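K.L.:
Dropping a structure here in structure tokens format, bear with me for questions.
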Amino acid sequence: WEFNGSFYQPSAFLMMGIPGLEALHPWISIPFCALYLSALLGNCVILFIVRRTPSLHEPMYYFLCMLALTDLGLALCTLPTTLGLFWFGVRRIGFDACLTQMYFIHILSFIESSVLLAMAFDRFMAISHPLRHPAILTRSTVLKIGLAIVLRGMLSLLPIPFLLKRLTYCGRTELSHSFCFHPDIMNLACADIKVNVFYGMIILLSTVGTDFIFIVLSYILILRTVVSLTTREECLKALNTCVSHICAVLVFFIPMIGLSMIHRFGKNVPPLVNTLVAYTYLIIPPALNPVIYSIKSTHIREALLRALCRKRG
């Protein structure tokens, strides 16, 4: 503990695994290893395929690469502490290291939300305004959108570590997960956390909440356009291009909203439920997104098969 007058700050926090199943952590690590391997390998394959296939050099696949990079970052943020806990029982994480991990986890989550919004806008333009789509979403425009997304996440969350460092901590140092999460750290403080709660809610609603609303609005407009198409084949073809993105949106937003609600309002929720929702939120989307897009995107699948055939040849 660091002592300075009435100001207390722990030198480290203790991470928790899956409550009640500590003896089974080595066995539980097996599916976690499979998920992390799927996330790392799958997203690297997506990046490799898009880079090596000129026909995929268009806005939809540029945004897919942004999503893959974000998912790689999320997986790499939680992998060391999660597997370190399950394999070696390493529970201790330094205070500053915890704040750093928390900052990058939240930045990457916000970036993923914004990338999903950009992908929804891309689908809306491609279906509702196909003639204007290439002129509006040029390569430079996509690059500017990507830069704006990163800056938005970094700047909006920059005060969070400093707001946590100013708090006084006492007594408990046990985190609820095998990674650092803002509400989790904040609830360990024995000081007034109203500023942290207020700022966290404002940022969450103005970024992720706004992104989700605009994604829903984009699909309402897409459905209006699809309904006006003359033939059933055209409707199905237009909707089929959105299936992968809709699945990615649901896989990301449902557990994220659930975890936010549990941390703020779920005082009586069993710890096991809290833990499972947290792992679902941070590990499942990076592992599933490459699979979803590989299965549903004919162009990705064909490019992957061509790359495999060239290697065999």
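Any Cβ shown, glycine's included, is placed from N, Cα and C.
TrEMBL lists these features:
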- 42-293: domain 'G-protein coupled receptors family 1 profile' (DOMAIN)
- 24-49: transmembrane segment (TRANSMEM)
- 61-90: transmembrane segment (TRANSMEM)
- 102-121: transmembrane segment (TRANSMEM)
- 142-164: transmembrane segment (TRANSMEM)
- 197-222: transmembrane segment (TRANSMEM)
- 243-264: transmembrane segment (TRANSMEM)
- 276-295: transmembrane segment (TRANSMEM)
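Can you walk me through where each of these features ends up in the structure?
P.N.:
For the transmembrane segment (24-49), same-chain residues at least 6 beyond its ends with a Cβ under 8 Å from one of its own Cβ atoms are 17-18, 56, 64-65, 68-69, 71-72, 74-76, 79, 82-83, 85-87, 89, 279, 283-284, 286-287, 289-291, 293-294, 300, 303-304, 307.
For the transmembrane segment (142-164), the list of distant contacts is 59, 62-63, 66, 99-100, 102-103, 106-108, 110-111, 114-115, 118, 182, 185-186, 189, 195-196, 199-200, 203, 206-207: same-chain residues at least six beyond its ends, Cβ to Cβ under 8 Å.
Same-chain residues lying 6+ beyond the ends of the transmembrane segment (243-264) with a Cβ under 8 Å from its Cβ atoms: 67, 109, 112-113, 116, 119-120, 123, 181, 183-184, 187, 197, 201, 204, 208, 212, 215, 219, 273-274, 277-278, 280-281, 284-285, 288-289, 292-293, 296-297.
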K.L.:
Using Cβ atoms and a strict cutoff of less than 8 Å, what residues sit near the transmembrane segment (102-121) while being 6 or more residues removed from its termini?
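P.N.:
Counting only partners 6 or more residues beyond its ends, the transmembrane segment (102-121) has Cβ contacts under 8 Å with 60, 63-64, 66-67, 70-71, 73-74, 77-78, 145-146, 149-150, 152-154, 156-157, 160-161, 164, 179-182, 185, 207-208, 211-212, 214-215, 218-219, 245, 248-249, 252-253, 256, 282, 285.
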K.L.:
Please report, as numbers and ranges, the same-chain residues at least 6 past the borders of the transmembrane segment (197-222) whose CB is under 8 Å from any CB of it.
P.N.:
109-110, 113-114, 116-117, 120-121, 123-124, 127-128, 152-153, 156-157, 159-160, 163, 182-183, 186, 238, 242, 246, 249, 253, 256, 260, 264
